[in-house]
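Taking it in order: structure first as structure tokens, then the write-up.
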Amino acid sequence: MEFPDLGKHCSEKTCKQLDFLPVKCDACKQDFCKDHFTYAAHKCPFAFQKDVHVPVCPLCNTPIPVKKGQIPDVVVGDHIDRDCDSHPGKKKEKIFTYRCSKEGCKKKEMLQMSCAQCHGNFCIQHRHPLDHSCRHGSRPTIKAGCSPVTASESKPSGDPHPGSWRAVPATQVLVHPAHVNAVTSVWGAAALGW
């Protein structure tokens, strides 16, 4: 051999392999081959000095200090039970926080349902403008396709045709100003019995 001093034998008692590129353990300062250079592979007695892991709380993401000899899982569990600010069992949040603005209604909802016209907060039952008697502007808003007067409101006493369209007085129907003359002539004809 030309280079008798080249390389070192592995310090692992069961190996003793001659390695030309040995790795020195930074904890115990001994030389090892590629198979035994890790702390676990050669059972390094000083590994605890170098193998330091700081556990992090999964709820609040804060590092938890662990003393030597303590089990990290137990320490993190104690932190969650006692010190953690993000523990879901400690703080009790109200789920139903949005109260209905309709007078006389005491329902609360999980989600905010506000009226696009009056910007009030309402429950599911009163969320539509007609359901909460929305007064945006001077008169109640009526959506297209909705009847302005319900059948129960269109039955004046002494009407010969209950529930008919003639039973509704002209003052209750919202009409475009251009059609006022046509409507009054129809109502006049209805009053005459035509």
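Numbering starts at 1 and runs along the chain as it is shown here.
Including glycine, each Cβ sits where the backbone N, Cα and C put it.
Residues or ranges marked as Zn(2+) 1 binding site in Swiss-Prot (evidence: sequence analysis): Cys10, Cys15, Cys33, His36. If you look up Swiss-Prot, you'll see Cys25, Cys28, His42, Cys44 marked as Zn(2+) 2 binding site, on the strength of sequence analysis. Under the heading Zn(2+) 3 binding site, Swiss-Prot lists Cys100, Cys105, Cys123, His126, citing sequence analysis as support. Annotation comment: Swiss-Prot describes Cys115, Cys118, His132, Cys134 as Zn(2+) 4 binding site, evidence class sequence analysis. Positions annotated as region 'Disordered' by Swiss-Prot: 145-164. Under the heading zinc finger, Swiss-Prot lists 4-52, 94-142.
Listed in sequence order, the binding-site residues from Cys15, Cys25, His36, His42, Cys44, Cys118 having a Cα within 10 Å of the Cα of His126 (Zn(2+) 3 binding site) amount to none. Across the structure, Cys134 (Zn(2+) 4 binding site) and Cys100 (Zn(2+) 3 binding site) are spaced 13 Å apart at their Cα atoms. On the backbone, the CA of Cys15 (Zn(2+) 1 binding site) and the CA of Cys123 (Zn(2+) 3 binding site) stand 77 Å apart.
Applying DSSP to the zinc finger (4-52) sorts its residues as follows: 4 helix, 8 strand, 37 coil. When the binding-site residues Cys10, Cys28, Cys33, Cys105 are screened for a C-alpha within 10 angstroms of the C-alpha of Cys118 (Zn(2+) 4 binding site), no residue qualifies.
The distance from the Cα of Cys44 (Zn(2+) 2 binding site) to the Cα of His36 (Zn(2+) 1 binding site) comes to 10 Å. Among the binding-site residues His36, Cys100, Cys115, Cys123, the ones whose Cα sits within 10 Å of the Cα of His42 (Zn(2+) 2 binding site) are His36. Summary of the Zn(2+) 2 site environment: with the site residues Cys25, Cys28, His42, Cys44 set aside, the chain residues having Cβ atoms within 8 Å of the Cβ mean position are Ser11, Ala27, Gln30, Phe32, Phe37, Tyr39, Lys43, Pro45, Phe46, Ala47.
Taking H, G and I as helix, E and B as strand and the rest as coil, DSSP gives the zinc finger (94-142) the counts 0 helix, 6 strand, 43 coil.
Note: the CA-CA distance between His132 (Zn(2+) 4 binding site) and Cys28 (Zn(2+) 2 binding site) rounds to 79 Å.
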